[in-house]
Amino acid sequence: MLLVHIISFLLFFQLSAAKAPPSKTSLINTHERRSIYSCYVGLRKETWGFNGSAICRYEPAIQSMLYCLYEDTHEKGYSNKTLEKGFEEMRQFCYTPKFLNMTDAEFYTSLDNGTYYIQDQPKAGINITYPIRLNTTLRKAYYDAYYGYYYNHDIPYYFGGIICAYFVGVMLLAGLIRFLNYTPIKKIMFQQKLVNYVRGYTTLPTLYEKHAEPFSYLKVITGYLPTRFETLVILGYLILHTIFMAYKYQYDPYHIIFAAHRAEVAHFVAYRSGILSFAHLPLIVLFAGRNNFLQLISGLKHTSFIVFHKWLGRMMFLDAIIHAAGFTNYYLYYKKWNTVRLRVYWKFGIATTCLAGMLIFFSIAAFRRHYYETFMALHIVFAALFLYTCWEHVTNFSGIEWIYAAIAIWGVDRIVRITRIALLGFPKADLQLVGSDLVRVTVKKPKKFWKAKPGQYVFVSFLRPLCFWQSHPFTVMDSCVNDRELVIVLKAKKGVTKLVRNFVERKGGKASMRLAIEGPYGSKSTAHRFDNVLLLAGGSGLPGPISHALELGKTTAASGKNFVQLVIAVRGLDMLNACKKELMALKGLNVQVHIYNSKQELASAEKISSNEVKNGETTAEKAPSSLSNSEKAPSESENTELPLSLNDTSISDLEFATFHVGRPNVEEILNESVNHSGSLAVVCCGPPIFVDTARNQTAKAVIRNPSRMIEYLEEYQAW
């Protein structure tokens, strides 16, 4: 990723070094501007003596303009202060040395002289050598026409701002609810039946029984469905966007500015869709970034912001298509297509739209899942090119501020990311192969203040020639043995994790490697604020919940009033071996540990009946596309023949834990936890189906127990 970051930086640097500064956006629907332009349109059709139609150079024409401005101003109830703003508008309109040097007093003198000699507008064809008064009906029609034109110019900026404010408002509301965690108000609120019915039916559950697990239609269309909460946020945004695209266009029934209603509609719709498209840029860049201040405020997962990022990108592209189609129709009507298509801004507009389409096309779930590194490289390069073409498209028009904001957000995110990496430097990590496909990574911390909270994650770059530019997310734990060490457990899949696993295997099962670690990311969990905590861990999603168990067990052991249960679902003993030190640290703590092994080992467990829930496989590495794939467990022979694993975990080592053969029944376990008095937090990280089951069962428990405070805290992330 380092190379594509350099390319994107160079493109952004080129933007800042442009030959001429781009035009600033200004709101133009002011009385003085409407009046000046409407008066000009009415007066330019007259035949002025001596100077023809040169209104700004012929005194009677100038006096007529000033009188028209005066009538419009006082007719609308404005004061002389507004009239003087009209004088300034006329200076800029004519923009000659004479006008630029005229004082307000000189404007008033010219107006007084013109008023003294003013006459009614004559019939057409007469050579005019005196100031005239425009026909009142026509003057008002011209004024209204320009009011509509400038209104349609300005209103999209307000609409774009409202869309940004909508998402900021949602995040502030989520942040307020998060703040209530530190007050007794939330406990009272979450014990209200109405509140819990709303939570159980609308905000907690998945949309169609799936969220972490990707949906598939005809094995071609795949992707991740949002949760119901995310769906509500997206639905609110789509409703707003639809209203803003369809609401309150001001049309001119007299066709003073546009020759036909078709041209007027095409122009207004195209302009509005273009501004709304650009208004999405800051949010799109912000939501894709790792250092998103709205994520810090709201406490929402990065996964949720990626969902919003995708939908904003899709609607931005739709707006761009409408924008392009509208202006194409407009110029075809005026028969200017062959001329305008050769202009530079038009060519950059086409390039911008094509790049937006490519960004979306190469972001489909199937492509991300199978070619994630290619997707990331293309996405960054296309995004940089997209912003560059956007810049060139509007450099002589308006809307550049949206691009300024997007680039500023991108730049701040990169600076913070570099700072995070610098805090740890490039430490050398000890890598140890566990079983056939797990690698335990131990990293010494050079800084004492660097601490990973339970459930947090880091982005790791393995500094090897074949993969140093790649950056992948992994759950991180502070070592329970040495507080100056970090621990990461990764599962080898495809790509970089497979390269790392093969490297360690070639080194005899143990190796050292330089890493670049960026993080930690993710907010501190609120699980410690609940009376009871149920920790559900599946597969290689164990590190997060086990970190919670270690912290909760230490803080609650003295009081003994809390019920903390850690439920671990594994296939074989490899994951237990990888986290053996952390598991052994639970001994003597106030944590009930239940381990479900769905793969029967030859000499490791008694046979205990258990109910089933569908099982998949996940990983502490939250790889954006690969998390959705179920992975086959290695065969028993693979486990027993590999000489590179740690000493096998045995029943005697974990005598404090209760072992089960089979898969955990999440519903039954959850119902048992609900029976304990007090509030309950359910923390889950595991295979996609396991996570979705836990989410939906928790939502049902909230509905069944509307007077209890039950919260679901999910640590699984996929994008």
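A Cβ is built for glycine as well, from the same backbone N, Cα and C atoms used for every other residue.
Different topological domain names are assigned in Swiss-Prot to ASN329 and ARG695, which places them on opposite sides of the membrane.
In Swiss-Prot, the entry for N-linked glycosylation site among ASN101, ASN396, ASN647, ASN671 corresponds to ASN101.
Swiss-Prot gives the label N-linked glycosylation site to one of ASN127, ASN181, namely ASN127. Taking the Cβ of HIS323 (heme 2 binding site) as centre and 10 Å as the limit, one finds 23 other Cβ atoms among all the protein chains shown.
Around HIS393 (heme 2 binding site), the same-chain residues six or more apart in sequence whose CB sits under 8 Å from its CB are TYR345, PHE348, GLY349, THR352, listed in sequence order. The stretches the transmembrane segment (229-249) and the transmembrane segment (374-394) are not in mutual contact, being linked by fewer than three Cβ pairs under 8 Å (pairs 6 or more apart in sequence). Predicted-model confidence for the topological domain 'Cytoplasmic' (289-304) is 94, expressed as mean pLDDT.
At the 8 Å Cβ threshold, with sequence separation of at least 6, the transmembrane segment (268-288) lacks contact with the transmembrane segment (347-367), having fewer than 3 such pairs.
Under 8 Å from some Cβ of the topological domain 'Extracellular' (250-267) lie the Cβ atoms of residues 41, 141-142, 144-149, 151-152, 326-327, 329-330, 333-334, all in the same chain and six or more residues away from its ends. Under 8 Å from some Cβ of the topological domain 'Extracellular' (326-346) lie the Cβ atoms of residues 259-260, 262-263, 266-267, 269-271, 273, 392-397, all in the same chain and six or more residues away from its ends.
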